[in-house]
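K.L.:
This is the structure I have questions about; it appears just below.
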Amino acid sequence: MAASIAPTSTSFINKKELDLSAFSLSRPLSLQRCKRTIPKKICSVMAPQQSERSPATTGSVKTAMTMTEKILARASEKTQLSPGDNVWVNVDVLMTHDVCGPGSIGIFKKEFGQNAKVWDREKVVIIPDHYIFTSDERANRNVDILRDFCTEQNIKYFYDIKDLSNFKVNPDYKGVCHIALAQEGHCRPGEVLLGTDSHTCTAGAFGQFATGIGNTDAGFVLGTGKLLLKVPPTLRFVMDGEMPDYLLAKDLILQIIGEISVAGATYKAMEFVGTTVESLSMEERMTLCNMVVEAGGKNGVVPADSTTYKYLEDKTSTPYVPVYSDEKARFLSEYRFDISKLEPLVAKPHSPDNRALARECKDVKIDRVYIGSCTGGKTEDFLAAAKVFLASGKKVKVPTFLVPATQKVWMDLYSLPVPGSGGKTCSQIFEEAGCDTPASPSCGACLGGPKDTYARMNVPQVCVSTTNRNFPGRMGHKEGQIYLASPYTAAASALTGYVTDPREFLH
Amino acid sequence: MAASISASPNPSFTYSQHKLSNSLSPTQSLKFPTISSNPIKSLSSHHLQPPQGATARTVSRATAAPSSSSTGSPTTFHGLCYVVGDNIDTDQIIPAEYLTLVPSNPSEYEKLGSYALCGLPATYSTRFVESNEAKSKYSIVIGGANFGCGSSREHAPVALGAAGTAAVVAESYARIFFRNSVATGEVYPFESEVRICDECRTGDVITIELGESRLINHTTGKEYKLKSIGDAGPVIEAGGIFAYARKTGMIPSA
């Protein structure tokens with residue numbers, strides 16, 4: 001359990017389980033402890049003006065704090081914080097994109113002056129990703145505005161695209177911002193990441209505080225590097241049990257949202273712990289945190305561990321300080337799930353909390369399948385879909401659209417061998433299954449977008465999608481029906497033309 | 001909703017709750033360090049004044065008060081209401097295809113207003129903004145729970161403000177929408193103490209008295225208590241966080 005391994009464990013551990021695991025696994029656990037708490041690249045705390053050791057990072061505290069509270073305490077140069085406190089937080093990274101960047105820049109210039117400089121040119125990350133492969137002139141202009149601003153401000157991290165006819169000739173272009181942030185090493189434990197996109201919470205997978213903000217707040221951050229934030233109380237989700245091989249993190253978060261509703265975590269932090277969470281890869285942890293906002297959450301966090309450090313090894317040389325919830329930290333509520341008993345889920349139209357078992361929807365005829373977005377367009381999402389197609393050996397019965405999140409994901413589809421396939425790549429398996437050719441990486445049709453967006457739902461159809469929202473009109477047409485599902489369930493549904501439990505093919 | 005499915009997909013679910021003492025309503029979410037006493041007071045002359053029928057005056061922005069006290073503070077909002085339900089997400093407030101419009105650009109700001117709430121499904125037979133109109137005739141939007149959920153797009157409160165909405169009254173708000181409403185000063189996001197959206201109909205004549213935290217539906221003759229807008233009120237009145245910060249000396253005047 002993460003909690004028992006972390007230097008400051010938490011108060012909600014099932015004591016019996018802890019004792020058992022401590023008896024049977026004491027040696028491996030202590031070994032892991034060394035690995036997890038003393039990663040090579042972690043240096044000192046960045047708060048030189050403080051004379052005393054900061055309890056926020058040492059764990060030797062008078063009043064216990066959650067990891068979200070600790071991150072905000074460090075960032076606001078305070079030793080102690082409680083939920084409800086409003087504090088000025090120093091921002092480590094501000095991300096913006098082509099949809100909200102121009103507006104944020106407009107506010108920055110209006111309020112700080114035409115010649116103002118951003119607070120730190122290395123802490124602003126600008127990622128065009130939403131409306132890229134479109135002939136919409138205003139959308140194209142918005143990317144131009146970003147480019148002009150980045151040139152003028154000498155922004156260090158700008159992932160530009162100039163030649164829209166072929167994304168591959170744009171080496172700087174990444175694609176979906178939340179995945180690019182992780183792949184380019186901008187997500188680091190213990191830090192504060194703000195972004196002008198609600199799914200900025202994805203980065204909580206790295207044990208950092210990450211949340212979405214509006215243009216005006218982003219304009220303020222561009223000028224000052226600070227923002228007034230309210231410290232959220234934390235809801236704790238303990239997921240234990242071996243995850244069945246037909247489930248993915250998408251099922252876990254759909255389960256949670258179904259349980260607490262689309263407003264169940266409004267203003268709150270969601271902390272994910274337990275043996276199941278520990279077993280998840282970074283990409284799966286990102287899926288879990290990505291949809292925190294669909295429950296109204298302010299941020300999601302997963303405690304950093306060896307999986308986190310390994311992912312970060314070749315991506316960043318910036319020192320970071322992971323923090324963990326104290327043993328006696330106060331959580332607003334705790335939810336426990338035995339994941340070994342969970343079944344594949346979907347969220348039916350028109351709300352992400354409209355949960356149902358995939359098998360309960362087997363009579364729902366569908367028109368198309370969409371695999372993509374920050375939620376379900378990562379390399380592992382496509383590997384999962386390929387696994388289902390491979391296991392079935394059949395062809396899809398409905399149009400199946402594939403939109404890799406980033407250029408890196410796209411390259412993985414054409415180069416990584418799919419396990420058990422005899423060396424085939426995802427792209428080969430998708431072609432054999434009759435899917436559409438993987439499209440240029442971007443946010444694509446997850447949020448509809450301009451009318452000429454690839455795979456946009458322009459007529460009222462029924463779609464099974466690995467994306468994050470299914471409110472009316474989300475993927476284009478107001479009367480379109482979206483079933484949110486895992487990549488396994490999406491691929492299985494493509495093969496039958498109905499919403500389908502992936503166990504039909506995986507077993 | 002989850003309740004609508006018969007078989008629970010999670011047989012192993014347990015739950016325990018530990019209430020913190022803090023109350024965490026959205027109105028408490030913005031506490032600026034140098035806030036003086038609430039400058040807003042009500043004008044008695046506007047109390048319960050009968051409506052002027054369908055010609056009820058609308059306001060162009062939350063910051064443009066229909067009636068003012070001597071200190072220039074808005075005291076009442078008066079106009080027709082547009083009623084929506086629960087979980088009105090940002091795609092319904094302003095569909096993603098219009099996000100190419102940049103709110104800080106004045107001509108595009110106006111255009112955003114013309115698309116406000118155009119993403120509502122066809123079950124809403126009355127349009128919020130008539131086609132070929134730039135503004136809505138409804139200056140008050142009344143909604144249910146979780147208003148403004150979904151994306152962080154500031155285009156959402158901006159579109160409502162640009163359409164001439166002065167205030168939204170909802171049972172509850174999604175966090176980012178509430179924050180964006182205050183930060184931009186585009187609309188007052190009031191919370192109702194009871195579920196008003198079930199008792200009001202689109203086109204009802206409404207007065208909101210800010211100082212009294214009261215909503216009056218002149219059409220039905222009913223009155224409702226609103227939760228206090230608190231410290232967010234003066235920020236919206238000033239026209240957003242930057243204007244407020246200048247007004248109160250937190251940052252130098254431009």
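Every residue gets a Cβ built from N, Cα and C, even glycine.
Remember, it's a predicted structure, so these values are computed and weren't measured experimentally.
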K.L.:
For the record in TrEMBL, which of the ranges B:1-20, B:101-120, B:141-160 is the region 'Disordered' one?
P.N.:
B:1-20
K.L.:
Please work out the helix, strand and coil residue numbers for the domain 'Aconitase A/isopropylmalate dehydratase small subunit swivel' (B:138-185) from the DSSP assignment.
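P.N.:
Secondary-structure breakdown of the domain 'Aconitase A/isopropylmalate dehydratase small subunit swivel' (B:138-185): 18 helix, 12 strand, 18 coil.
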K.L.:
So what pLDDT does the domain 'Aconitase A/isopropylmalate dehydratase small subunit swivel' (B:138-185) average out to?
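P.N.:
Mean pLDDT for the domain 'Aconitase A/isopropylmalate dehydratase small subunit swivel' (B:138-185): 98.
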